[in-house]
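A short write-up of the structure that comes next.
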């Protein structure tokens, strides 16, 4: 939708809205099934890790649990995106997922410290472990994580949250494969220190993936330009539009994990037609994935008041 109307001070405004895909019945079922399967497996793996005294299984259970949280957040974002804005929350509720993911990342980084400390202590005094049991439990993890990844394969290119869920589950299957290899190694060689080493490797994987989540969550919370977008490129694209003379007061931010927003003040030639605003909006959606566009248009000379105020760029 796009529309324009002249204002009392000689400007015109254009608003464009294009929202993400609604949650389909297929995706709802995929998320619920994936969450259920992984919760059962996490509980079983954590119990097996405790029973067989395996830090590798406990670390992998912790890793899988964080991905269950990620699935829950992605599902939550999908449902929240369907809720309409209110008079108090005029942007809707998409930002809530950013706040929850930030908290999740911070808690996870604190939790892995305890497992890491225990793993370092075990490097010198590794206890006897059941390599066969560890391999069997991790093998089940490959099946569960692989099956969950397949649930999101069809829709992974339509929503960033779904793609994240798919990548998390596929990575988990690879981590479980490493634990299987470790269990086999312990069974044939009695190198029980391999369990502690695998635990440390899994912790590195957790910290590496979580650090990116933490940084991106902080960026989105502070309304930074979404990852993959460059304001300078967007500005040049707008300036290349016939009839556009200047672009200033340009702002781009994420309204949620699936919807980006842009506002800008355009100075255009006197012959500029308001119908061209629709073309600009459609190009911003197509080229940059910016679904919510608000443009203020001024015909004629550059607004000197804006320049003096420091909003002209």
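Cβ coordinates are placed from backbone N, Cα and C, and glycine is handled just like the others.
Of the candidate ranges 30-49, 230-249, TrEMBL annotates residues 30-49 with the feature transmembrane segment.
Segment annotation: TrEMBL labels transmembrane segment over residues 61-78 (candidates 61-78, 79-96). Per-residue confidence over the domain 'Cation efflux protein cytoplasmic' (227-298) averages 90 (mean pLDDT, predicted model). Across the domain 'Cation efflux protein cytoplasmic' (227-298), the DSSP tally of helix, strand and coil residues reads 22 helix, 27 strand, 23 coil.
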